[in-house]
Amino acid sequence: NCAGAPRLNFFLGRPDATQIPPDGLVPEPFDDVTKILTRMGDAGFSTVEVVWLLSSHTIAAADLVDPSIPGTPFDSTPSTFDSQFFLETMLQGTAFPGTPGNQGEVESPLAGEMRLQSDFLLARDSRSACEWQSMVNNMPKIQNRFTQVMKKLSLLGHNQADLVDCSDVIPVPKT
C-alpha cells in the first residue's frame, strides 16, 4: 500500500470471469464527460462517486496513452496517495511530457507528468468541478470517500453476503 492510502476492504469469493468483457465498459481517456458519467451512471455510480474513484489517479500512471513514455504518472507525487492529483489537474497545461498529439492526452502543467483529457474535462465540468475542488488539501475526505466508493466498486454485481470479508489481511498503509 502506498503512503497516505486508506486501508481498503477485500472480499474473497468472487467467481472467475468465464468470458472476455465487451469493449466500452471502462471509460476511455478520450471520452467526453457526458459519456463517462452516463457509463458510470449505468453501473450505479453518481457524478461525485466518479470523482472519488479518480482519487486512484494520485498513484496511477499511463502506459499506453503515449507509448514513448510508459509509466508516466498523473501527478508529481506518484508514490504517495494525496491530493496533488486534484490540484495539479486544475493547473494550466504548458507542455506534453513526451510526444504531442496522443489521443486522450492534453498538456500537463509539470514536466514528467501526464494529464488525461478525461481528468482535465472532469475537473472543469459544471457537474463535477465543485466536488473535484473539494478534494484539494482534504485528505480525510479523500481517504473516506475513496474507501467508500472502492468498496462499492468491489461489490458491483455481487452480493456481499456471498463473499468472505478478508479485509484484515490487507496491510495498514504507511502514513
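In case you wondered, yes, glycine gets a Cβ from its N, Cα and C as well.
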Legend entry - Candidate from T58, T99 that TrEMBL assigns to the same Ca(2+) site as D75, T77, D82: T58
Legend entry - Extra residues within 8 Å (Cβ to Cβ centroid of T58, D75, T77, D82), Ca(2+): I59, S76, P78, T80, F81, S83, Q84, F85, E88
Inset, instruction - Would you kindly give the Cα-Cα distance separating D75 (Ca(2+) binding site) and H57 (heme b binding site), rounded to the nearest Å? - result: 8
